[in-house]
Structures are given as structure tokens and as C-alpha cells.
């Protein structure tokens, strides 16, 4: 039960600005504010004017403010809440916060208002995470993805999957408790068909979510190739800054260099890697091993070639590993100014001449057809991991049925699938999950 009153600066407090907002929420929020506010206590969803005074030092006036009253449960937090709109000076804002703390409120933890909103049933974790995603969005596509989650349709889609599973679990429980009960045998083709239908929906969600996750967390692009083909030069030219060291000495890049880049509403995360070659130098070899590891982590593999160098076994290894892992593979020939002819197998660029438009447009084209209006996807790695776990549990259940296992074995996997789906929208009893998630929210949110 939530039984204390919390406060934090929701807007402002770090730089001087026009207006700051201080939020107070909890069972004693009205009484705490009344101690330092000279105006009237308004009815719910009204605004009243008055002074904030220092009641501990002769009622000295601190500021003229507007108080917004949100009483009862019909508000964001789901409990009595007051928002004080004061002048936005850093000193004034923090002075009012200190008065609220001195008069009985506790400083809120990061994300605690949103956590209370979740615990009070005002929103689920999908919307809570969407709010945090919107606050931290750095591209137009990220903003659209976050706002899309506000309408609750994704939550309803997850709930529908849970309801379908719950019905089947209920049927199986009856067959376990009352084996003599005459109804559809849970090991019939009909049950398998229904489970496969749910699994196929989840498979589609995973497919859609891979792309939405890339858009929100950044599309990971690993730049690979032999030494001195221009990997670092291409990265620097795209970023328009000297992020990576460029020399004529083979093996200059020995560790991973990462950089974020925004282009046409998308966020890209470039990973420049060590040139891949046969070497006995221990440190360089470690860097080369890391380069191959990045193929597994990447969404896109940029394979850079130099027309003045012949292809070798390392080029084949890069290409084959990217294809074996079903990565988006983009072969790029740098130093196009050295060529007289081209073919359609490669993209042709010149880092030296800053001629990189074909590469930029290729990267955008891969993701331009993403359907941001689809409700059947989840946004982040936490949600995606859970939907994948639910998918695996369903696969295990279907396999167990086909192998003729007893219902009490099959039902374990079905309950696990249901539990994973439930964790996507959130359960109030999962304290570790809530702690981990809300700690990343802003203070005052």
C-alpha cells in the first residue's frame, strides 16, 4: 500500500527558465501544500493563485504561484496530487522543494510518480515505458513509435493473446482434475491448431518488433573489411568529424569505435572495427576477434572493399558469416574515383571526395517501409525478450503435445508463456522488474 507523500521537481530546477513545476502526490499532499500556500485549496482539476511562504521562518513570501489540484484517482498518478507552477529560477524552485520536504513530504525516487500510476492501475508497463521513451526520443521515428503506444492497442493485443492462452489452460486444467469429463481431448489436432495460431501471431510480433527495436535503440551497423580499405574514413565522413584515427599504417584501429548518427528521422549506431587480416600481433588479433563478434551483434553489416586490393579469404569469411546469420549485408567499394567501370553488386562511394550519398540512401531505404501504425509489435529489448520467451514456451508445449506427453507436463509450458506475456504489460508483485525499469525514469516523472 502506498501511504506516504512524495514530491519532486517535474520541470525546471537545473537552469533558470520561465516556469518550473513541482509535483506533490500522496494521501497527505493537500495538507503539505496548505502549510506553505496562502491561496484557496481548489476542487479537483482547478487552478488557484496564491503565495508560497516559508512557514518555518515568519511566513516570508518565496514566490507567487499557481496550484493545480488533482484530487482523488482521476489523474495521472491515481491519487491526490498537487502541481505547483512557480517562476522558473533555480533558487526559487529548489527553495519551494525544500519547504515541501521540511513539511512532511519525501523526495520522490526517479520514476516514482509513474510507478505509483502503474500500481494504482492508471497504466500498464507498455505505456509507462512509452512515456519514458517519448521523453528520451531523439528522432522523429522514435517519437512516433512512443506515441503509438499511448492508445493502448498494443496492450489490448497482448491481453487478447493472454486471454486465448488462459482459455486453453483452463480447458487443460479441467482435463487434469476431471479426466472422466467428456469434452474435447486437449491432445487433439484442434488444440494444436489453436496453439499454433497463437504462436504464429507471436512470430509476426517478433518479426515486426526486431525493426521497431532497431529504430528505437539505434540501428547497429558494423563496418568491416581488411586493413586500409577506408572503414574509419567512411565513418568520419558520415559523421563529419574525426571520430576514428585514420593513417596509412595497417592495423591502426585495434579496438571498437562506436558513434551515433541521425539521418532522415532514423538513429544509426555505427561500430568501426579492426581491419581483418592474418597477424601475430597479440593486441591486434584481439581486435580482429572482436570484429567478427560484431557481426553477430549488428543489424547491418557494411563490408568495405578497396578496388586496389584483391579479395581474399577474410572477405569471404565476413560475407559468409553475415549471410549465415541472416544479417542485412551491404557490400561497399570505397575509392570509387579509382574505378572506370562498376557493377550492380556493390555500392560505390568515396570517403576522400565525401561522396557517400548512395550509402546513406541505401541505409534509409532498408527501413523506410516500416509500418509505424501496426499494433502488433513491442518497442524495446525487455519486451522483445519476453515475447521471444513466450514463443519458445509455446513451441515447447506444441512439441510436448505431438510427442504425447501428459496434460500436466504441457500445461507447465503454457503457464510460462502466459507469465511471459503478463510481464510485458506488468505485474505489481514483480518488485525486481519494477525497480529495474523505473530507476531509468527522470526524477519528477
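Cβ atoms here come from the backbone N, Cα and C positions, even for glycine.
What Swiss-Prot says about this protein:
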BINDING   23, 83, 122, 445  (6S)-5-formyl-5,6,7,8-tetrahydrofolate binding site
DOMAIN    218-368  domain 'TrmE-type G'
BINDING   228, 247, 249, 252  K(+) binding site
BINDING   228-233, 247-253, 272-275  GTP binding site
BINDING   232, 253  Mg(2+) binding site
Going by DSSP, give the three-state secondary structure for residue 232 (Mg(2+) binding site).
helix
Just going by other Cβ atoms within 10 Å, which of the binding-site residues 23, 122, 231 has the emptiest spot?
122
Give the helix, strand or coil assignment DSSP yields for residue 23 ((6S)-5-formyl-5,6,7,8-tetrahydrofolate binding site).
strand
Residues that sit under 8 angstroms from residue 83 ((6S)-5-formyl-5,6,7,8-tetrahydrofolate binding site) by C-beta distance, when 6+ apart in the chain:
10, 21, 22, 23, 24, 67, 68, 70
For each of 228, 232, count the other CB atoms within 10 A of its CB; which of these binding-site residues has the top count?
232
Do me a favour and check the Cα-Cα span between residue 228 (K(+) binding site) and residue 122 ((6S)-5-formyl-5,6,7,8-tetrahydrofolate binding site); whole Å is fine.
56
Rounded inter-Cα distance in Å - residue 231 (GTP binding site), residue 122 ((6S)-5-formyl-5,6,7,8-tetrahydrofolate binding site):
49
Residue 122 ((6S)-5-formyl-5,6,7,8-tetrahydrofolate binding site) to residue 232 (Mg(2+) binding site) - Cα separation in whole Å:
49
Overall pLDDT for the domain 'TrmE-type G' (218-368), taken as the rounded mean:
80
